[in-house]
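For A:T198, the entry in TrEMBL reads active site, nucleophile. Look at TrEMBL and you will find A:T161, A:K187, A:T198, A:E284, A:N406, A:T411 tagged as substrate binding site.
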2 protein chains.
Amino acid sequence: MASSTASCGQMHKITDGSVHTPLGFKATGLHTKVKRKRKDLGAIVCDVPASAAAVYTLNQIQAAPLDVTRESIAEEGTLRAVVVNSGQANAVMGKVGVADAYEMRDRTAQAFGLEPLDVAIASTGTIGERLQMEKILPGIEALHPEANPASANAFAESILTTDTCTKETCYATEINGKTVHIGAVAKGSGMIHPNMATMLSFVTTDAAIAPEHLQQALSEITDRTYNRITIDGDTSTNDMVLTLASGKAGNEPLHPEHPDWQPFIQALQCVAEEQSKQIARDGEGATKLVEVNVKGAPTDEDAGKIAKQIVGSDLLKTAVFGTDGNWGRIICAIGYSGVTINPETIDIAIGPHLTLSQSEPVNFSEEAVTAHLKQDEVFIDVELNIGDGSGKAWGCDLTYDYVRINAGYRT
Amino acid sequence: MASSTASCGQMHKITDGSVHTPLGFKATGLHTKVKRKRKDLGAIVCDVPASAAAVYTLNQIQAAPLDVTRESIAEEGTLRAVVVNSGQANAVMGKVGVADAYEMRDRTAQAFGLEPLDVAIASTGTIGERLQMEKILPGIEALHPEANPASANAFAESILTTDTCTKETCYATEINGKTVHIGAVAKGSGMIHPNMATMLSFVTTDAAIAPEHLQQALSEITDRTYNRITIDGDTSTNDMVLTLASGKAGNEPLHPEHPDWQPFIQALQCVAEEQSKQIARDGEGATKLVEVNVKGAPTDEDAGKIAKQIVGSDLLKTAVFGTDGNWGRIICAIGYSGVTINPETIDIAIGPHLTLSQSEPVNFSEEAVTAHLKQDEVFIDVELNIGDGSGKAWGCDLTYDYVRINAGYRT
């Protein structure tokens, strides 16, 4: 078994690219003093109505901004702007939270010269604290990208909570002879165990594509990317992935029967996978990215489920932190994943080192495995030998800092 | 809402009682040097064939001793002895592990003057390491309770791994005019997220009861007790609860139509609940026992599922460690538990302090909540206001020591 990394095929990575790179988009962020020092309010705007698609958390407790954004997208399937605050999540605030969310949207529309239904909103931060509207509303007035140096990095910074770094990605690909860009910005880094959606991630593209086809593409790749990461097993109340397509690349509109549909899906998946890995790597307190690759499962879905169970095991995560090649915790997680396996035919490798073959322990070099576990990217490969399904999942180690951050920070 | 504690009704707690207290049982433990200092091999014996019942982990990867014990119980439904080693789990050792398990059983039978099918075995410790038979077999020769000072406490000590204390319980109750004792010994304290069974727990009673009825009683109470604890979300490969009934109390044999069946079930549940709380309180690195009590759910099962989801949330566990009255993490866990709830009607109290009422935040004293969270028993009460189902679950806080223990200890 060999470790694997994401394959982005023919795609061209744009260094320093972000959500502003696709034609038609600007982004910005500023500091309203809700947070002590870091930027806390940001926006992405598109100079034309962009096709819009989103996936949301499946948590039954959903923050007010999600409903407001759903309403804006439902109207015509297009958006002109999204505004995001960090610090308070505007979740579980009852009627006052709903009113604040609508005011946030409506005041943005007013300030940007748009209709309310052109605007999406998102919030992240502490549950059960009221938005500091006395700071956010003046912030919105000052937020117009014409009034600010447009900066995708400022936007990426403005949406962070316990994250230690911004998470930006951009790739270019060819779609029927036109260059199409896909850029994205995300934030983590706790309460991360997405289910049909995830944390916050904003994806822009200049591809031409109708809203319903953009939604189809987003839903398809979400199950293989954002939904395959876990930091702590807690599915947030505020998770959302929002995708905007300006159409400015000038390609023929994409749809599932278009010959370039699959290349577009792959491009979108490539960006989403890179965002997912950025989030996992910056999990609260994390020192390492862990990628688990499961093969030989009954189905791809089963493989993904097992991979996510392994990468979500607190015991595996502490073993990775302690650089302990403890494959017993890996097979234990395989056994309780809920997928029917054959207990007698399992192979497990840590990095390139086989530790279990056909469910029998293999003599391996503890030093070599420890050396692999000391790297900042750890690969675990599992071969179940019962089918053709495969799938990956990403997570991080569980460290003293995770406890420190969460014994103090109120999310 | 008021916090609640276990109610053991008319039962009489036996101070210093344990698995040796019910008539007919002796227990002992000794040090074979598999572990550096602590005892690591123990046995319980019964001087008559005891009705036997067991529940096992639902992990598909099951340690060899579980199959051997199943075979012994299947024969006649009775046992005379159980022998347990700690240090190695004898899990995922392939054919050699199966052979070692049988040898452990057969040599015990020989040494104790019993038939192999009179003997159950159990192992706990590191997965994927071979049993140190060269130490265990001489240990078995020396283990006969006649050759050792009988000591339930020595047995309780001999089965520990990362546990910091022994876990022993004993209650007495009246069954049709006879005093019936139920004693129990358990070990935790990591890889604890039982599913139909749990860690190791050994329950003895002098009640007269046929094996099939003992099995029925054990299965019924397991779902409300052992299966309601979680330390780290990892369901072990070696979990087992084994119950032995000597019949020496002299009561008419118990069965589901017997007028004292329910009192017996309650007595057994009381012992199992106390064992469960002892295990949760001594979770790896734990400083506190957390009890979550959910009411107003569609069914008792739903309430138990939500309670276990809350108590298993890493974010809630770190908040408890940090004495942060962070009810947002509680409602977040309610929302992703998979049980259909009404997001608008939820009450949450931490200790006696209401923090959320009908899903709207309540002004509460942060100091008072923090004072409750500083106690070594923390109570969280949830009222969903949609039905009559209720259920509890138990867990512990997530601390720096959990990370320290598991970044180093190989389970």
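Placed from the backbone N, Cα and C atoms, the Cβ positions cover glycine too.
Among the binding-site residues A:T161, A:N406, the residue whose Cβ has the fewest other Cβ atoms within 10 Å is A:T161. Less than 8 angstroms from a Cβ of chain B: among the binding-site residues A:T161, A:K187, A:E284, A:N406, that describes A:N406. Under 8 Å, Cβ to Cβ, and six or more positions away along its own chain, A:K187 (substrate binding site) finds A:S86, A:T124, A:A156, A:I159, A:L160, A:T161, A:D163, A:K167, A:M199, A:L200, A:S201, A:I279. Sequence-distant neighbours of A:E284 (substrate binding site) (same chain, six or more apart, CB under 8 Å from its CB) are A:T162, A:G188, A:S189, A:G190, A:I231, A:D232, A:D401, A:Y402, A:I405, A:N406, listed in sequence order. Secondary structure at A:N406 (substrate binding site), as computed by DSSP, is helix.
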